[in-house]
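**Student:** This structure is in structure tokens; I'll ask about it shortly.
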Amino acid sequence: MSETTDYGASNTGANEESLRMVSSQPIGNEPVSDEELRPHVLGGFIGQPRLKAQLQLFLDAARKRDVPPDHILLAGPPGLGKTTLAMIVANELEVPIRVTSGPAVQHAGDLASILSSLDVGEVLFIDEIHRLPRAAEELLYIAMEDFRVDVMVGKGPGASSIPLTLPRFTVIGATTREGMLPSPLRARFGFTAHLDFYPHEELEKLIERSANVLGVNLDTGSAHELALRSRGTPRIANRLLRRVRDWAIVHDLIVVRPDDVKEALALYQIDSEGLDRLDIAVLNAIVRNFNGGPVGLNNLAAMVGEESETVETVCEPYLVREGFMIRTPKGRVATELADIIFGNYAQR
């Protein structure tokens, strides 16, 4: 399986998020370093059992019919394995994969150039497909449905459109914002898969597999401690495992015990709930400085010394999902769970 990669630039929110150890966005050279941890077959992909069963049936049917499969949309939060699944699909089908992203496609012509160079059966993986320019989306509609692109020849009033037939190929789109995809584009995907956050048990299995690949000898319970801090996200789990590996190397540890995991990640201010410095600062401010809330976003951001957008888009989603905080029309309110953690039992 050959592969061509074109990674686009991240947006501002992603840049803020990427500064955190518990970010679900890639940090630094992670797209490259993660390659060694990626499974190459569907059977080696840990987690998402229902999705795997559906995808296996989908691919088996395409192989038996001896035709490229329908287009695939992979939707879900970042860091759950959408890119890995796209690579697995191409590998299972034994076809090349071309990789690009929505931000990397600046003009419709960029996408037309990629499409016109595809071979029969090739997979085109478009990460962040919801960020394609409108003109590129419209070109992709036709390419996915009719396997052709219309090439403009000439300029001005004399310009004409010449249809260029494309070989049958498969688009795999990945998105963290499925709702931002136009309905005509969504309708052209024959298979849509939704990835969910991982339960601790599945994350432990994934961590143990990654530890074997990286040569990290984890003691009983160590994978569990890592899973607790990984926010249900494989990308975060693998990142934290690498930092624990660094700790083990520096301290000449043959076996990494649970206490070693706790001590190593405490250095990065990550607690057993997966909360980091910013999360703790936000919750601490709501509970102690604002008596549990409600508090407005701007006041909360000023209290923790961050931009309002950073608090809202980078910090709050996890705190709300895990039940530490709720958003109300009057502002942010800490839950009983946050009150207990921060030792505040005052009645509101």
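In case you wondered, yes, glycine gets a Cβ from its N, Cα and C as well.
Below are the features I grabbed from Swiss-Prot:
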type: REGION; residues: 4-198; note: region 'Large ATPase domain (RuvB-L)'
type: BINDING; residues: L37, R38, G79, K82, T83, T84, E145, D146, F147, R188, Y198, R235; note: ATP binding site
type: BINDING; residues: T83; note: Mg(2+) binding site
type: REGION; residues: 199-269; note: region 'Small ATPAse domain (RuvB-S)'
type: REGION; residues: 272-348; note: region 'Head domain (RuvB-H)'
type: BINDING; residues: R327, R332; note: DNA binding site
**Student:** Determine the most Cβ-crowded residue among the binding-site residues L37, G79, F147, R327, using a 10 Å radius around each Cβ and all protein chains in the structure.
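**Tutor:** Per the Cβ count within 10 Å, the most buried is G79.
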**Student:** Counting other Cβ atoms within 10 Å, pick out the least crowded of the binding-site residues T83, E145, R332.
**Tutor:** E145
**Student:** Using DSSP, break the region 'Small ATPAse domain (RuvB-S)' (199-269) down into helix, strand and coil residues and give each count.
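**Tutor:** Output for the region 'Small ATPAse domain (RuvB-S)' (199-269) reads 48 helix, 2 strand, 21 coil.
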**Student:** Across the listed ATP-binding residues, L37, R38, G79, K82, T83, T84, E145, D146, F147, R188, Y198, R235, what is the farthest Cα to Cα distance, given in whole Å?
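**Tutor:** The ATP-binding residues span at most 37 Å between Cα atoms.
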**Student:** Y198 (ATP binding site) has how many other Cβ neighbours within 10 Å of its own Cβ?
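**Tutor:** Its Cβ has 24 other Cβ atoms within 10 Å.
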**Student:** Cα of T83 (ATP binding site) to Cα of R332 (DNA binding site): how many Å, rounded?
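**Tutor:** Roughly 34 Å, rounded to the nearest whole number.
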**Student:** To the nearest whole angstrom, state the Cα distance for the pair L37 (ATP binding site) and R327 (DNA binding site).
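**Tutor:** Distance (Cα to Cα, whole Å): 37 Å.
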